[in-house]
Amino acid sequence: MAMKLHEYQAKQVFADAGIPTPESQLASDVDGAVTAAEEIGYPVAIKAQVQVGGRGKAGGIKLVEDEDEARDAADEILGMDLKGYHVDRVLVEEAVDFTNELYVGITMDRGEGKPVAMVSKKGGVNIEEVAEEDPDAIAREHIDPAFGMHPYQARKAVYDAGIDQSIARDVSSVLTTLYQLWDDRDGSDAEINPLMVTSDDEVIAADAVMNIDEDALFRQPELAEMEEEAAGGDELEQKADEYDFDYVRLSGNVGIIGNGAGLVMTTLDLVDHYGGEPANFLDVGGGAKAARIANALDMVFSDDNVDSVVFNIFGGITRGDEVARGINEALEQFDEIPKPVVVRLAGTNWEEGMEILNEDLVTVEQTLESAVQRAVEYAGEVNEQ
Amino acid sequence: MSVLVDDDTRVVVQGITGGEGKFHAEQMMEYGTNVVAGAVPGKGGQEAAGVPVYDTVHEAVEEENADTSVIFVPPAFAGDAVFESLDSDLDLAVAITEGIPTQDMARVNKRLSETDTRLIGPNCPGLITPGEAKLGILPGNIFSEGNVGLVSRSGTLTYQVVDSLTNRGIGQTTAIGIGGDPIIGTDFVDALELFEDDPDTDAIVMCGEIGGEDEEEAAAFIDDYVDTPVAGFIAGRTAPPGKRMGHAGAIVSGSGTGTAESKINALNDAGVPVGDTPAEVADHIEEFLA
């Protein structure tokens, strides 16, 4: 999983490494935004700091010419709901007068198992669309991770992309620095889109994306500190973070708990197959003890959309007896079970688990298929009422 | 017959003095695996799980003729541990560890192209030849000896499918969990090739999931080279784009690559039936063997 830095954080990281970025200040209220705009000098861009794509189209970026406009724009953007994310900070940034917009990026090509550097003259638009519609417009250069990016590779990518001679040297310098950052900081993606070109042939990073491999945060203490500020997601996803679950909230009403990513995904697919709608993906991981199992139930019960729960455990290193204890623990505290729970236990110690499990509190099914069918039925009954 | 592992395999366990390493070394031995040594820096000369511990994998190879390593080293040190195994002239290294930084794996991947050692994983349950030996954390009791080869990106999904097979009296030659990370050693194509060449494997189950293009590449390979009948399963049909489903590799990217639909279509085009449920996969295998 990648930790996504906010634009203002990524720009700071880029600027510190010597990549030209526009002058900017972070603000969390309207007065602060206006003061920042005055200091930077109009025109400025006011940009919502939330981690969703297409901020501009959704009204999260506004270009303003004077104080009145700045006040209106900051007032509108601060506090707005942008694709489900609450905006509580804006970046106030010098508006760059550009003649051209480029794209540069580094990512891991999983098919090749190697990093790849990408350069394109078609910046400023969704690069994934460019990749689909006009793949030749993006020059790609695979990098041997043992050697790093050779200087010639940066030049080659820039020339292959057809970048003008007048700025080629500057663009390849930005690309080289970007790779260095990606490599040093355990990036999963590092991207500048657009890299603006000004009328006097300067290049400047008008946006910044820096996603960090979460598995590497242990050796990136500075970035790990930024994680707290970068943390997003809704209340339930934050709760899942606290419990340390792999959790994804979905829009249906059948809650799903299981062990192992592939099996939980399969359980979701089966809910859909039998005519239900999954409310979530929740993987308790391997070797979960009773307390963790109880937390998982608490997690799914906290989602108001959930009408029934299917609990599917195939134990390898997870033990059926621990699972059963956890389910009992979570359910025995209720006078009335809030939502019907269907349990299917298989694998390590499933027989011990079945003996421990309080069957007055749950519905037991023997197979994955029948457990899912039963949970879908329950959810359907609730909806009819 | 089987692929990659049997009762002659001589195993060194890297990280044998840790909780997981010790527990699973014992479990492996109980199943019949020939664990001959452990390797843990600074613990040379000690004994763990009843076998001698060496400071380096090289020593374990020299002193105990180990030819295979199973790695239970914590993620921060696991990349280095994999390098050590690749540089020790082993036949096979199995990395169980979950959470190895992707850039470490990119460097490992580079080294893999320069060595004869095969890597399985990381972030995988390992592999098992029922009745002979297991390397990793798979629960041995659900497997049975037979003629079906199984390869999967997911651990517990493997157990689910094996359970469906075993319940119908269908056993396995070898089951391989290749792991759920974006960069892995042995992939579907490698495993399919091994099973195709194994005279005792009469049918193959391939369990994929969303993310990447390994399943599509496997489908092309099956079309061109595999005569053994293959049945497939793809997890993650209902996964929304941009949301990672647990495994680091299980994500449909914004541009729509890595979808279940693309994988299922590719497999169907290669003549591979894909089950809607794990039980349906077992139905297909039953038909192949009938």
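Note: Cβ is positioned from N, Cα and C throughout, glycine not excepted.
Heads up, TrEMBL stuff is auto-annotated, nobody curated it.
Note that the structure is predicted; figures quoted are calculated from it, not measured.
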Original post:
For the CoA site that TrEMBL assigns to B:Thr17, B:Gly18, B:Gly19, B:Glu20, B:Ile96, B:Thr97, B:Glu98, which of B:Lys43, B:Lys110 is also named?
Top reply: B:Lys43
Subject >> Segment confidence, the domain 'CoA-binding' (B:4-100), expressed as mean pLDDT >> reply: 96
**OP:** Name, in order along the sequence, the recorded positions among B:Thr97, B:Tyr159, B:His247 with a Cβ closer than 8 Å to any chain A Cβ.
**Re:** B:Tyr159, B:His247
Original post:
To the nearest whole angstrom, what is the C-alpha distance linking B:Glu98 (CoA binding site) and B:His247 (active site, tele-phosphohistidine intermediate)?
Top reply: 9
**OP:** Could you measure between B:His247 (active site, tele-phosphohistidine intermediate) and B:Thr97 (CoA binding site) for me? Cα positions, answer in whole angstrom.
**Re:** 13
Original post:
At the Cα level, what's the spacing in Å between B:Ile96 (CoA binding site) and B:Tyr159 (substrate binding site), rounded?
Top reply: 16
Subject >> Rounded Cα-Cα span from B:Tyr159 (substrate binding site) to B:Lys43 (CoA binding site), Å >> reply: 34
